[in-house]
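Here the structure comes first, spelled out in structure tokens, and everything after it is commentary.
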Amino acid sequence: MSQRVGGKRRSCDTLDKMGKDPKKPRGKMSSYAYFVQTCREEHKKKHPDSTVNFSEFSKKCSERWKTMSAKEKGKFEELAKQDKIRYEREMKNYVPPKGEKKKRAKDPNAPKRPPSAFFIFCADFRPKIKGENPGMSIGDVAKKLGEMWNSTSAADKQPYEKKAAKLKEKYDKDIAAYRGKGKPDGAKKTAAAATKAKKKEEEDDDDDDDEDDEEEDDDDEDDDE
């Protein structure tokens with residue numbers, strides 16, 4: 001069976017490969033996500049035919065969550081705890097598809113890549129946005145930060161860009177030193193080769209001096225004759 005995508009016919013197998021692995025365990029849900037799910041179900045029962053305004057609905061859920069007691073939140077936290085156990089259990093038994101590449105293990109001692117000017121900006125403003133909108137999803141927070149960055153003037157961006165440039169400069173030095181440490185044999189061989197070449201050059205110079213001395217002696221003998 002095939003399906004037309006963007007004017008081209010592709011098999012269902014190809015489409016499956018392009019997307020996520022259907023056998024991969026579903027991601028774990030947070031306590032707040034369970035609460036929102038419950039709110040959505042309640043709203044559907046009360047208003048089965050009405051459409052939901054997502055932004056208003058999210059705002060109401062967020063306000064309601066903030067006023068709830070620890071006891072009221074407890075059942076949702078328990079659901080999240082059980083779902084985490086389920087997720088970890090399923091992930092242990094999950095075998096990724098053969099074509100999926102495994103991530104190369106990172107050296108914990110390797111220098112970390114520096115953040116960009118935008119990421120430094122995000123680090124400054126993310127807590128404020130999350131504080132003002134506790135129910136906002138990670139995706140919506142990221143979208144909001146992107147909009148804020150795009151509307152920031154070049155002059156206001158400059159401090160972040162300068163900081164990013166300094167961090168990049170430091171990273172370049174650190175990674176060069178790290179890579180140098182990772183190849184001690186190569187460094188020793190290079191140093192030994194340089195010493196050997198210098199020694200040979202000195203020997204060649206000595207030979208040239210000896211030849212000059214011999215030529216001078218020959219000239220002296222010719223003069224005596």
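Any Cβ shown, glycine's included, is placed from N, Cα and C.
TrEMBL: automatically predicted annotations, no manual curation.
What TrEMBL records for 1-28 (among others) is region 'Disordered'.
Residues or ranges marked as compositional bias 'Basic and acidic residues' by TrEMBL: 10-24 (among others).
Counting residue by residue with DSSP, the domain 'HMG box' (25-95) contains 54 helix, 0 strand, 17 coil. The feature domain 'HMG box' is assigned by TrEMBL to 25-95 (among others).
In the predicted model, residues of the DNA-binding region (25-95) average a pLDDT of 88. Per TrEMBL, the feature DNA-binding region maps to 25-95 (among others).
Taken from TrEMBL, the feature region 'Disordered' covers 88-115 (among others).
Positions annotated as domain 'HMG box' by TrEMBL: 111-179 (among others).
Residues annotated as DNA-binding region in TrEMBL: 111-179 (among others).
Marked as region 'Disordered' by TrEMBL: 177-225 (among others).
The compositional bias 'Basic and acidic residues' annotation in TrEMBL covers 177-188 (among others).
Residue counts for the DNA-binding region (111-179) by DSSP state, with H, G and I taken as helix and E and B as strand, are 56 helix, 0 strand, 13 coil.
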